[in-house]
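Residues or ranges marked as transmembrane segment in TrEMBL: 30-59, 71-93, 105-126, 132-150, 162-183, 189-211, 274-297, 312-335, 342-364, 384-409, 429-448, 454-472. Residues annotated as domain 'Major facilitator superfamily (MFS) profile' in TrEMBL: 34-476.
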Amino acid sequence: VTIDLSMPGSSGLLDDVGGKKHMNFFSNRYVLALTGAAGIGGFLFGYDTGVISGALLYIRDDFPAVRDNYFLQETIVSMALVGAIIGAAGGGWINDTYGRRKSTLVADMLFALGSLVMCAAGGPYILILGRLLVGLGVGIASVTAPVYIAEAAPSEIRGGLVSTNVLMITGGQFFSYLINLGFTEVPGTWRWMLGVAAVPAILQFVLMLFLPESPRWLFWKDEKAKAISVLEKIYDSDRLEEEVELLASSSMHEFQSDGTGSYLDIFKSKELRLAFFAGAGLQAFQQFTGINTVMYYSPTIVQMAGFTSNKLALLLSLIVAGMNAAGTIVGIYLIDRCGRRRLALTSLAGVVVSLAILAMAFILQSSSDICSNALNGACQGAVGWFAVAGLALYIAFFSPGMGPVPWAVNSEIYPEAYRGMCGGMSATVNWVSNLIVAQTFLSIVGLVGTGLTFLIIAGIAVLAFIFVALYVPETKGLSFEQVELLWKERAWGNQGNRQSLLGAAP
């Protein structure tokens, strides 16, 4: 098997390059249906991260013990993150052992059960149990959905399809803000906010009963007939033969390597270490460059900018969530055209600039020497809008690039035997980083001020830019087999690729 690592990425049109037909994004309804069904897990992920901020206001009213206890409030919010960390850590093993489809079904059951437990909770501790169950489901789904989509997707549109899952995440966050607004006048407000999440979980469970397992996982588990029957619905006969040959050569190499993976192997193998370092680094920098700070605390940031009206703060937060979803759509369009690496670098460059603007706005606002007393109100208002403009610019740059790129890259850079495990470990890094940011942002603001806090995040974004430039290769348009050879070449040079190809040859 000879594989050309210089294969160009798809232009996104249905064309014929080098004898191989390239699909466009909408050319196969079956693939879109798989992507849409798997993406419901992303929607649940996004909805849960957004809805709790609004629900907590009403939970405090219903439970006096929560109203006067900040630790209980923090536990209610963060328990889902704890569950997600555990779910993501175990979700990789579940994926590799039982498959992507069964993993999704388990995630749905946990999410639906957790939502119903929260809805019926008679006290804060039952509510915390429900949050833990929901978090477990979200953690497993965050590993499973990108991998399931990537393994069913043609290589030339894989990035866009995986990014659709990120669109579902941002769409879930936007919908959660609408739900927070819609249920404000309904009796049992917070119960409806949290309980309604069971509906999409049940919907996905039913849909997944009628959808197939990932063809790559089936092939890896030596269920080749089932795998080919799924691939026949994705590719035409010529392309099908090529994809099956690639899978066969890859599987032969996996079996020669014992075909089973362990967590220890990830750190023993140089190429796996390099891939995991790149994937986990992207996930960590996605969080440490501030996105969930913006999403969790956007009402607070808007009020810090001088807008004290709760309604205005909530409306501006809704706009932020809408921009995040719209930017992800731009990312879906660009990721298979510009490439993952270029998109991430452009995104991070814009993030640095926008964070500097935000920092400057808050530093100006806190300086008593800038505005005279006579013009103080107008000046503070102008600085406030300057901060909101920086916030909007941040979302505009972050959402098309550093939003989808880490998930897309992590779904495609690992060998089949380790894809679930490595993806789970990387998702765990994401959730742990998420928890660290959520638990420390306001404390750092209190210690050094809002302006300096955003300068610190801007500095982290500069480090992220350097990291991507040095350690993240371009994977646009490459098959899984080509990506695997790319890491071997990075680890061992061309000799590693030649040895791999000879080892995989029949």
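Counting begins at 1 with the first residue displayed.
Each Cβ is built from the backbone N, Cα and C atoms, and glycine gets one as well.
Tell me about the surroundings of these features in the structure.
Within the chain carrying the transmembrane segment (30-59), a Cβ under 8 angstroms from the stretch's Cβ atoms is held by residues 23, 66, 73, 76-77, 80, 104, 107-108, 111, 124, 127, 131, 134-135, 137-138, 141-142, 144-145, 148-149, 152-154, 161, 164-177, 179-181, 189-190, 193-194, 197, 200-201, 203-204, 207-208, 211, 233-234, 292, 295-296, 299, 321, all 6 or more beyond its ends.
Along the domain 'Major facilitator superfamily (MFS) profile' (34-476), the predicted structure has mean pLDDT 87.
Here the transmembrane segment (71-93) has long-range neighbours at 48-49, 52-53, 56, 59-60, 65, 103, 107, 110, 124, 127-128, 131-144, 420-425, 427-428, 430-432, 434-435, 438-439, meaning same-chain residues at least 6 beyond its ends whose C-beta is under 8 angstroms from one of its own.
Same-chain residues lying 6 or more positions outside the transmembrane segment (132-150) and placing a CB less than 8 Å from one of its CB atoms are 34-35, 38-39, 41-42, 44-45, 48, 79-92, 94-95, 100-101, 103-104, 106-115, 117-118, 158, 161-162, 164-165, 197, 201, 214, 407-408, 410-412, 419-420, 423-424, 427-428, 430-431.
Sequence-distant neighbours of the transmembrane segment (162-183) (same chain, 6+ residues past either end, Cβ-Cβ under 8 Å): 35-36, 38-51, 53-55, 145-146, 149-150, 153, 189, 192-193, 196, 295, 314, 317-318, 321-322, 324-325, 327-329, 331-332, 335, 399, 403-404, 407-408, 411-412.
Sequence-remote contacts of a segment are chain residues at least 6 beyond its ends whose Cβ falls under 8 Å from one of its Cβ atoms, and for the transmembrane segment (189-211) they are 33-34, 37, 40-41, 43-44, 47-48, 51-52, 54-59, 62, 101, 104-105, 108-109, 111-112, 115-116, 118-121, 130, 134, 137, 179-180, 183.
Long-range contacts of the transmembrane segment (384-409) within the same chain, counting only residues at least 6 positions beyond its ends with a Cβ under 8 Å from a Cβ of the stretch, are 146, 150, 158-159, 162-163, 165-167, 170, 278-279, 282-283, 285-286, 289-291, 294, 298, 301-302, 304-307, 316, 319-320, 323-328, 330-332, 334-335, 340, 343-351, 353-355, 357-358, 360-362, 364-365, 426, 430, 464, 472, 475.
Listed as Cβ neighbours of the transmembrane segment (429-448) (distance under 8 Å, sequence separation of 6 or more from its ends, same chain) are residues 74, 77-78, 81-82, 84-85, 88, 139, 142, 280, 283-284, 286-288, 290, 292-293, 296-297, 300, 406, 456.
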Report, as numbers and ranges, which residues of the same chain sit near the transmembrane segment (274-297): CB under 8 Å and 6 or more residues beyond its ends.
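Answer is 49-50, 53, 173, 266, 320-321, 324, 344, 348, 351, 355, 391, 394-395, 398, 402-403, 405-406, 409-410, 413-414, 422-423, 425-427, 429-430, 433-434, 436-438, 441-442, 454, 457, 460-461, 463-464, 467-468, 471-473, 487, 490-491.
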In the same chain, which residue numbers or ranges, 6 or more beyond the ends of the transmembrane segment (454-472), come under 8 angstroms Cβ to Cβ?
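For the transmembrane segment (454-472), the list is 274, 277-278, 281-282, 285, 288-290, 293, 340-341, 344-345, 348-349, 351-352, 355-356, 358-359, 362, 402, 409, 444, 448.
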